[in-house]
Amino acid sequence: MASLIAPSKHSPIEDAEALQRAVKGWGADEKAIIAILGHRNGTQRTQIRQAYYDLYQEDLIKRLESELSGDFERAMYRWILEPAEREALLANIAMKNANMNYHVIVEISCVSSPDELFVVRRAYHDRYKRSMEEDVATNTTGHLRQLLVGLVSSFRYGGSEVNARLAQSEADILHEAIKNKNHNHEEVIRILTTRSKTQLVATFNCYRHDHGIAITKKLLDEGSDDFHKALRIAISCINDHKKYYEKVLRSAMETVGIDEDALTRVIVTRAEKDMEDIKKVFYKRNTVHLEHAVAGKTSGDYKKFLLTLMAKEE
C-alpha cells in the first residue's frame, strides 16, 4: 500500500497550466510545483507531461531541470519519470560513478518482480541504445561481473511454490561454498540468479535453521570485497527488501551530513509501493518516525518534497 495520496479527480490540462504559471517569469514557485506533482500518481504524472507538451511544445522535465536546482531538482526529476524509466536512469548513473554503485544494480534486479525487471531492461534499451547487461559487464570483472550480469538478465519464476527438498540441498551447497575458503562461486551465483524468490527464501531459512546464523551474517565473516558485499545485498533484498531499505535509509542519515542520493532513491522509488511498511520497520528498529528523521536531516524544498512523498507535510 502506497503512502502517497493522489486525487481521484484531476485535470492534466489544469495541472499543466498551473505548472506553467509556476515556472513562468523570474524564479520558480517551488511550493506550487510540490503541491501538484507531489500529490499525483505515476499515471497522472505521465498525463501531465503529455498535456504540458501538447500545450507548450516543451518537455516539462527539461523545463523543471532548468528552473530547479540541487537535491530538490534531482528528486523531482526522478519522481516525474515513469517507474521503468527511473530505474533505468538510476542503473545508468550507478554505472557511471567512478566507484560503481553496484548495490543499486543489485537492488533493481532483486527487488523488482520478473515482469518489472524485464520492463526496466527494455526502458534501458530505449534510453541508452545499449543493453543493461552490456553496461554491467563492461563496468565489472570476475565473479562480481558474473553475479551482476546473472541478476540483471534473470527472468525468475514468480510463483509461490516451494520445493522443500531442493531448498535443503541448496542450503547445504551454499554452506559448503561459504565454508570452503576457495568458494564455489559458480554454484552460489547459479542458485541466486536462477531460483524464484520464494524458493530462495526457503533456502535461506533452511540455512539459518541448520547453522544457527543468517547466511548474510556468515558472509560478513567471510569477506568484505565487492563480490561478498553484492552477495549480501542480493540475499537481503530477496529475503526482506523492506528491512534492507530501512538499513539504507538509516545508513544514509548516519553519515557525516547525509547521503542524499540514497535517501532520494529509496523515498522516490518506494513512495507508491510500500513506503508505509518501510516506515513501520524504521520505527520498530529506531524508535523514531522516518518522517522526523528525514525532517531533522534535510531542509528547504528538498525536505518539503520528501515529506510530501511520505505523506507527512510540515
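Yeah, the Cβs are placed from backbone N, Cα and C, and that goes for glycine too.
Residues annotated as Ca(2+) 1 binding site in TrEMBL: G25, G27, E67. Taking the Cβ of G27 (Ca(2+) 1 binding site) as centre and 10 Å as the limit, one finds 9 other Cβ atoms among all the protein chains shown.
Its Cβ taken as reference, G257 (Ca(2+) 2 binding site) is surrounded by 8 other Cβ atoms within 10 Å in the chains shown. Positions annotated as Ca(2+) 2 binding site by TrEMBL: G257.
Per TrEMBL, Ca(2+) 3 binding site is recorded for A295, T298. Around the Cβ of T298 (Ca(2+) 3 binding site), a 10 Å sphere holds 22 further Cβ atoms from the protein chains shown.
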Cβ within 8 Å of the mean position of the Cβ atoms of G25, G27, E67: remaining residues of the chain near Ca(2+) 1
A22, V23, K24, W26, A28, D29
If one looks at the chain holding E67 (Ca(2+) 1 binding site), which residues at least 6 apart in sequence have a CB under 8 angstroms from its CB?
V23, G27, A28
I need the CA-to-CA distance for G25 (Ca(2+) 1 binding site) versus T298 (Ca(2+) 3 binding site), whole Å please.
28
